[in-house]
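Take a look at the structure set out below.
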Amino acid sequence: MFLHPTQLLFVFGILMSILLTITVNSWFITWVGMEVSLLSFIPLIFQKNNKYSVESALKYFLIQAVASSIIIFSISLDSYKAMFFILLSLLLKTGSAPFHQWVPSVIQGMSWVVSGLFLTVQKINPLVLISFLSSFSFWGSLICVFVVSSALVGSVGGLVQTSLRKILAFSSISHLSWMLSAMLLANWSWLAYFFVYSLILFSVIYLFYESSLVSLNQIFVKMNPNFNFLASITMLSLGGLPPFTGFIPKWLVLQYLVQSNFLLLCFVLLLGTFVSLFFYCRVFVLNLIYFTFKHNFAFGSKFYIFLILVVNLIGLLLFPWLFI
């Protein structure tokens, strides 16, 4: 699960790029920070030493280079057009639909550890900048288009996938729609959503990494009741099913949207969530029912089992307070 010591330098470069991006008020310096993050992340992709990692690294570099070129190009335009092209390039960097086609193919060639970084840490820089731009009311309609498209594409796209990495990629696109909708409210609630999502996602990735899983077919073959119980909890929490932890940030965002009269947006987000829950439930709930009746269930003594349960079940303690 842990990175090789020689790769810690690249992780440090990514963290420094995030610090640089969020602490300066110059667009050029933020652009430099995003490029440092790009150049630090590409060597990590080669951790999975096969031909697919080379393809993923090349695709990722080309997409990010195109987005960065658009940002540089926008400098020569007037302020309104410049902000428009910068916003589009940042949405391209995050993989928001309809700029999402590159995300599933890129993640397919990554290891589980790098996939987690790709779906979380690498999105911090553009999301922070998007949240800044979304504070201007005239970009609200454009962001709503990406919210609706990401919610629908992220939920429907995962229905036909058998690769676990691609399923998590489409799940990330769906969750991105919730973060973007939270940015419309001109507050930092998206940060709370992003933090909870990252914790749940890494608990899912840790399970898949420990079990050496890459596709849905392997899950049906794996005869381990402990894994099926934990996988059911983590995936349902990732889908936002109450009363698991993943439901808490969704409920908070929904409250803010209803108070701001974004009712149609709430409907689209909930519709996408229900569809996403279907392709989570179709695998893990059936496995859970089957294996709990066929095997004697017992927990292992490993610390990661306890940590995964805490992350995904802490919502049981917070759930009653949401309705007070």
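Each residue, glycine too, has its Cβ placed from N, Cα and C.
Feature annotation from TrEMBL assigns domain 'NADH:quinone oxidoreductase/Mrp antiporter transmembrane' to 25-77, 82-274. Taken from TrEMBL, the feature transmembrane segment covers 7-22, 58-76, 82-100, 138-160, 167-184, 190-209, 229-249, 261-291, 303-323.
Taken through DSSP, the domain 'NADH:quinone oxidoreductase/Mrp antiporter transmembrane' (25-77) splits into 43 helix, 0 strand, 10 coil.
Residues of the same chain lying 6 or more positions beyond the ends of the transmembrane segment (7-22) and with a Cβ under 8 Å from any Cβ of it are 29-30, 32-34, 36-37, 39-41, 43-44, 47, 117, 121-122, 124-125, 128-129. Count of Cβ pairs under 8 Å against the transmembrane segment (167-184): among 82-100, 138-160, 190-209, 229-249, the largest is for 138-160. Here the transmembrane segment (138-160) has Cβ contacts under 8 Å with residues 83-84, 87, 91, 96-98, 100, 104, 130, 166-167, 170-178, 180-181, 183-184, 265, 268-269, 271-276, 278-279 of the same chain, all six or more residues outside its ends.
Among residues of the same chain six or more beyond the transmembrane segment (190-209), those with a C-beta under 8 A of the stretch's C-beta atoms are 1, 112-113, 115-116, 119-120, 123-124, 127, 131, 164, 168, 172, 175, 178-180, 182-183, 227, 230-231, 234-235, 237-238, 245-246, 248-250, 252-253, 304, 307-308, 311-312.
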